[in-house]
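Taken from TrEMBL as is:
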REPEAT    B:136-165  repeat 'WD'
REPEAT    B:166-208  repeat 'WD'
REPEAT    B:210-251  repeat 'WD'
REPEAT    B:252-293  repeat 'WD'
REPEAT    B:314-348  repeat 'WD'
REPEAT    B:358-378  repeat 'WD'
DOMAIN    B:377-421  domain 'SOCS box'
Amino acid sequence: MDGEKKTYGGCEGPDAVYVKLILSDGHEFIVKKERALTSGTIKAMLSGPGQFAEKEADEVHFREIPSHVLSKVYALCMYFMYKVCYTNSSTEIPEFPVAPEIALELLMAANFLDC
Amino acid sequence: MASFPPRVNEKEIVRSRTIGELLAPAAPFDKKCGRENWTVAFAPDGSYFAWSQGHRTVKLVPWSQCLQNFLLHGTKNVTNSSSLRLQRQNSDGGQKNKPREHIIDCGDIVWSLAFGSSVPEKQSRCVNIEWHRFRFGQDQLLLATGLNNGRIKIWDVYTGKLLLNLVDHTEVVRDLTFAPDGSLILVSASRDKTLRVWDLKDDGNMMKVLRGHQNWVYSCAFSPDSSMLCSVGASKAVFLWNMDKYTMIRKLEGHHHDVVACDFSPDGALLATASYDTRVYIWDPHNGDILMEFGHLFPPPTPIFAGGANDRWVRSVSFSHDGLHVASLADDKMVRFWRIDEDYPVQVAPLSNGLCCAFSTDGSVLAAGTHDGSVYFWATPRQVPSLQHLCRMSIRRVMPTQEVQALPIPSKLLEFLSYRV
């Protein structure tokens, strides 16, 4: 992360451009912070009054979410991009398809993340 | 009598942005009746808009060109008199790249319109209906027109030619709807108190008569999976039909006056009905529960007043494609846009003498037809839906309420999935 701080920013500090999402089995996702803040829960975890230990480094640990939910986390990140891209934009909002096989678990994740 | 709930400040409600209008050409003869635009319709692929101009004429307008005209020339777009005339002998309707405008003389007052798309298999001989020589091609688009004398004429949209003439209803065909699964099953609703089911792939053979209404049938709508049909009519009637067995599933009770319009949400989990009793109800069609009430008159009228001439009849209702918004049109000269989770409108637009409304295929525009044959267009309220709602629609497209109730998830999510929050 350090070598490329100039161009890409890092995951540490209050003005970090990226944030790391860590799943229960160690998988890590690095997502642009602006997009991850779409989730009310992640936003609260990153800025709340010390209740979550995530404030030091911009990492969020999801201790309950195992790796078989990977595809849903990917869908979540895609949704974050979709939301940021089309909110307050005058262009046509395209459809965001959700495959029925993952819809129920994705709903639970989206409910948890308030997005 | 107020148009909004007392806690809402009417001046704070956002006005919708006008996109354009199509003004009906002045009729050279008696203008007293026959001018009305009773139905507006968009083709399922968004290529055409059907404009019932009144006086027995329907104009098929290429939609993207029409939108471009609105943007280029401002909001007014008066029809030019030198538009393309219908060419009956021209059978090379293969110009899919550039949809052409067609003007169709239907021969009688047009009450209903519906587009249907076809995947035809063979050339067929028409039995029990007027013979017309025609060739099916790939990607054919049909327009069904329901007329004052009970006839239904089926037209080829790309060429403007008459394909079929369905004769069986004895009174005004007030609404038409195609099954959304591309099967070219057409359902017609008539003042003769019946609905009829036609198979246009089988030469327009009439498959079934649905009986049960005691009075005029005003409107009908298929559920998105084509398994259910809703029909609404005079004397408070709202019926749900099973379209595999053609039996009545249930009656939905609650309205106090004639019910004149109905529409399903895109996931089939909700049904909206509009009535002369000043209300739109949002129902769960799987169990008949009323989930939301959208009022157009405050304080809400007593049943006797609601059942009469209360000056606040709701004429039309349409569900948006995002499954979150509903548009309604009422006699108090306003079009209202609602969110399904709020009981007051999020946007309004002024409209006099409105009779019908429909969202465009991509949901970005609402069209409303009026008493003098004109059509007005507004931009619809759009917003990025929450991921929870997107998941809900994906689940509800395949799961009725009863199955949802059996899911092993927290009760708050159950409520959300059942559209009860």
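Along the chain as shown, residues are numbered 1 onward.
Placed from the backbone N, Cα and C atoms, the Cβ positions cover glycine too.
Unlike curated entries, TrEMBL annotations are predicted automatically.
Per-residue pLDDT, averaged over the repeat 'WD' (B:136-165), rounds to 87. Residues 216, 218-225, 228, 230-240, 300-301, 303, 306-308, 310, 312-319, 321-323, 326, 328, 330, 338, 340, 343, 356, 392-394, 396-397, 400-402, 418-420 of the same chain, all 6+ positions outside the repeat 'WD' (B:252-293), place their C-beta atoms under 8 angstroms from a C-beta of that stretch. Beyond its flanks by at least six residues, the repeat 'WD' (B:314-348) meets 3-5, 8, 13-16, 260-267, 270, 272-276, 278-280, 282, 292-297, 354-359, 361-363, 366, 368, 378, 380-383, 385, 389, 393, 419, 421 of its own chain at Cβ-Cβ distances under 8 Å.
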